[in-house]
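A.B. asks: Pasting the feature list from TrEMBL:
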type	residues	note
COMPBIAS	458-481	compositional bias 'Polar residues'
DOMAIN	382-451	domain 'Gp5/Type VI secretion system Vgr protein OB-fold'
DOMAIN	465-570	domain 'Gp5/Type VI secretion system Vgr C-terminal trimerisation'
REGION	448-481	region 'Disordered'
Amino acid sequence: MSASHYNEEQRPIIAKLDGKGPFIVTQLTVKESISDSSHFIVSLISREKISEKLLGKGILIQYSAGIEGNRKNTRRFLALISSLENIEFSVEKQLYKYRIEAIDPLSIFAFRTTSRSFQGMTSKRIIENVLSDSGLKGYFKLSPRTAGSKHDYCIQFNETDLNFIKRLMAFEGWHYHCNHTGNQPSVVIADSNQDFGKADNDKIPFIIQANDKVFAITQWHCRNQLGSTKLYLSDHSEELAECFNSGNRNTTAKVNNIVLSEYFFGQGNTNKNGIRDAAKRQMESVDCQKTLFQAQSAIPSLGAGLRFNLTEHTDSDYNQEYVIIQAEHYFEAHENGANVEYKNSFKCIPFSTPLRPPFINKPSINHIQSAEVTGPSGEDVNQDKLGRIKVHFHWDRDAKKDENSSCWIPVAQATASNGFGVQFIPRIGDEVLVSFIDGDPDRPVVSGSIYNGKNKPPYNTATQSGIKTRTTPNGSANTGNELRFEDKKDKEEVFLQAEKDFTMNIKNDLKQTIKGIARCDVEKTMNWQSKETMTLATEEKLSASATKDLILKSDATISSSAGKNNELSASSKVSVDGQSIELKAKSKITLSVGSSSIELSQDGITLSGAKITIAGKAKVDIKAALIDIKSQAKASVKGAIVEINGSAMTQVKAGAMVQIQGAIAKVN
C-alpha cells in the first residue's frame, strides 16, 4: 500500500499522539488492572518520523466496533507514552512502522526514586504532596471518603514514588483505576466500590454461541480458592508503653471448617482503633481474592474499574452485578484491511464484595544510618520529656537542620526503667547512629554516637578514657563535669571534676581506705556535721590549726584527755568562763605567774608571792580548826570595827609588848 492509499479516517482503530494524528493502528495489546499498572503495546503506521519528544506525552487509541458504515461501541484508551521504537521504514510505501509502549500516569512514578520524610500528615496529604512535587497531579483524582491515618512520621527511603504511593493506599485500603473518558488519562483513587463507573450497556448476557459477540459474554468461569479465615494484628507503642492488638478478624466469605489464621506484628499501627480498622481492611483484601470470575468477550467497552450486570446465565446465582478487576484486550488489523480482530478476557468479583488491594509491607531498613542531632537555632540541647531528640538524616535533602527536621526519636540507653536508669542525651550538632525497630523506616531509634572531623574526642591519649560533659548554654571545652581514668603505668589516676557544685548523698555507710596521703584544699567555708558521734583518730600526731580563730563548741560537754601532758598556751590571753570551773589533779595543781604561785595539793593550799592580797567588798571569812597568821616584820588587822572572838579562849601574845589602843578600848 502506497502512501497515497493511506487513509486513517476510514480505519476502525486509530491513535493520536499528543493530539496529533490520526495514525493507523495495526496491533494493540492492553493489560489493565485495579490497583496495579496498566500497560499498552501499540503497533502503528506513520507518514512522518515520530519525534522522541513525545515520550511522556499522551496517547489516545480509539476503536469503533462493527462494520464500516455501522460502527458502534466506540472504546477509547488513554495513556502516557513510555517507549518509542522505530521498527521499520518502507522505502516503497514511504511509511514508518513504530512500536509504542504506554502506561497509566501512576506508573510514570516508577521512574522517580527518592528519600524523604513526612511529619504529622495524613495519607491523603502525603500522596497529594508526592503528586504535586512531580508536576503530574492533574492526572489524578483523589476521592476517598476519609483522609486516612495521620502519620507522626513517614519515611520514603530509596523507594520509588510508585511503590511508596501504592503501599500507602494499600495500608488505607484504597484502590485506584484508570479513567479513559476525558481528554487525558486519569487515575481515580477511591475507597468504595461505589466509585467504579458502569460500563456502556451494563446489562450483558451470557451467550456461548452468540451471533453478535459484540454484545455478549461468551465464556464464564468461577474460581474459588482457599484463603485465610482469621486475621490478628499486633503492635507496640513506645509512647504508650504497651502492646495492643486488633483481636481476631474473621472472614465473611463462605468457607469450610479449616481454620487458617494469620498473625502479623509490627506493621506500623499506632493506636488501638487504627489497628482494628487495619485488620478489617486486610481481611477484606484476602476475602475478595477467594471467589474470582474469569470471562471472555468481544465487548470493547468492558475494562478494569467498570461495573456490569450479568444476565441470562443458566446458573441464576451468577446473574448479579460485578466489578472488573483485571482485563486484557487484544486488537489486530491488517495494514490494508478495514476489519479488526478483537477479543478480551477479564477477571471480576461480585460488586457486593468490598474490593481492597493486598497489603504491601514497608521496605525494611536493616542497616545502621548516621544522622546529625538538630534543634532550635542558638540552642545546645533539644529533647522532650521522654529524652527523645530530633535528627537530620544525611539523605533527607528536603528537611532543614532545625527543630522540625524529624519526629521525636528515642535514644537507646544502657538501662531505661521507670524513673531510674542511664541517661545521656546527645547534643545538637552531634553525629549519632540510628537503627530502626523491626526494620520499620517510620520507627527510628538512636543507638549510639560517633566522633567525626568536627566533633573531636575529649582525650587524645590512648591511656585515657572517661566521661566528659559540657556546660550549657555557652559552654566550652574547659567547662563541664568530668570523670576521667588514666591507665598509664605508674601514673594511674581517677580524676573527678564538678564544674560548680558537687553533691554526694549516701543513705547508709561510707568507707574510704587511702593507702597514701589524703589532702583536701577548700578555698571557702568547710563544714563537717554529724547527727551522731564523730571521731577523729590517728596513730601519730593530730594537728588542728587556724590562721584566725579556732573554736571548739559543744551543747553538752567538751572533754580533753591526754596520755601524758595536756598543754594549753596562748601568746596573749587564755580565758576560761563558765557557771562553775572545776580543775582536778591526783597529786597537785599549781597556778604560777613569775615568782607568785598557788599550789593545791592533798596536804593543803599554799599561796606564795611577794605580796598577797585578800579583799572582800562585803565580808571575808577565814575559818579553820587552827588559824596561824605570822609575819616576820609586821602583821596588821584593820577595820572600822575589828572583832576578835574566841568561843573558848582568845589569846593575844607578844614576845615584847602588846598594845591595845582606841578612842574607847574595852577589855572584858
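Along the chain as shown, the residues are counted starting at 1.
Every residue, even glycine, has its Cβ placed from backbone N, Cα and C.
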A.B. asks: If you average per-residue pLDDT over the domain 'Gp5/Type VI secretion system Vgr C-terminal trimerisation' (465-570), what number do you get?
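C.D. replies: Mean pLDDT, the domain 'Gp5/Type VI secretion system Vgr C-terminal trimerisation' (465-570): 89.
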A.B. asks: What does the DSSP secondary structure composition of the compositional bias 'Polar residues' (458-481) look like, as residue counts for helix, strand and coil?
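C.D. replies: With helix first, then strand, then coil, the compositional bias 'Polar residues' (458-481) has 0 helix, 5 strand, 19 coil.
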A.B. asks: Give me the DSSP three-state residue breakdown of the domain 'Gp5/Type VI secretion system Vgr protein OB-fold' (382-451), ordered helix, strand, coil.
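C.D. replies: Taking the domain 'Gp5/Type VI secretion system Vgr protein OB-fold' (382-451) as a whole: 3 helix, 22 strand, 45 coil.
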